[in-house]
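Copied over from Swiss-Prot:
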ACT_SITE  58  active site, proton donor/acceptor
BINDING   18  substrate binding site
BINDING   48, 52, 54, 172  Zn(2+) 1 binding site
BINDING   54, 160, 172  Zn(2+) 2 binding site
């Protein structure tokens, strides 16, 4: 059996959330008892908690919702590239060493340990010119082990607007702590949330061959 790497953080009331966004909450609506045969809970959360796929609707009014996105970009060969010392922005030179025969999907590890239990504004993001460069190589999906491909303080979301213009899909909040650089199969399908600006994904990598 081919090896799998689960690159999704756990989702719970401890999950970090962008300041002002909706945290994870769960309450039990029904509970097992002599009168009730099942447990059923109600969950409220932002679709940007945990590993998730942003939809164009997140950064453009009237654009495509998460559940209406084609699934092909979220499934197939991908490359994991380490850029652990990149600083606040991932630049093309941080990835150029791994650019030969680039597959259509690229995930970048920027942190020694992904922040799965705490929020921090101090994370790495993609420089817009890096996304332009990746698009020129035929990349259709980018991913990162931080909450956003733009800096936390950005009000213009320049990198998000590049992926909108270039029709590139994006995965955020991945956990790549135990994944070595190299090529894998990515499986990270968004849910069919046909009105949503993003969707949780259960992102996994599978060895090739």
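Every residue, even glycine, has its Cβ placed from backbone N, Cα and C.
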Separation of alpha carbons, the residue listed as 'substrate binding site' and residue 172 (Zn(2+) 1 binding site) (Å) | 12
Where residue 48 (Zn(2+) 1 binding site) and residue 58 (active site, proton donor/acceptor) are concerned, what is their Cα separation in Å, rounded?
-> 10
Including all protein chains shown, what's the count of other C-beta atoms within 10 A of the C-beta of residue 18 (substrate binding site)?
-> 15
Of 18, 52, 58, which recorded positions come within 10 Å of residue 160 (Zn(2+) 2 binding site), going by C-alpha to C-alpha distance?
-> 58
In whole Å, how far is residue 18 (substrate binding site) from residue 54 (Zn(2+) 1 binding site) when you measure between their Cα atoms?
-> 14
Rounded to the nearest Å - Cα separation of the residue listed as 'substrate binding site' and residue 52 (Zn(2+) 1 binding site) = 13
Cβ proximity for residue 52 (Zn(2+) 1 binding site), under 8 A, sequence spacing 6+, ordered by residue number, returns 171, 172, 173, 190, 198, 199, 200, 201
Are there any residues in the same chain, six or more apart in sequence, whose C-beta is under 8 angstroms from the C-beta of residue 58 (active site, proton donor/acceptor), and if so which?
-> 160, 197, 198
May I have the list of same-chain residues other than 54, 160, 172 whose Cβ is within 8 Å of the Cβ centroid of the recorded Zn(2+) 2 site, in sequence order?
-> 58, 59, 148, 149, 150, 163, 170, 198
Secondary-structure category, per DSSP, in which residue 18 (substrate binding site) falls = coil
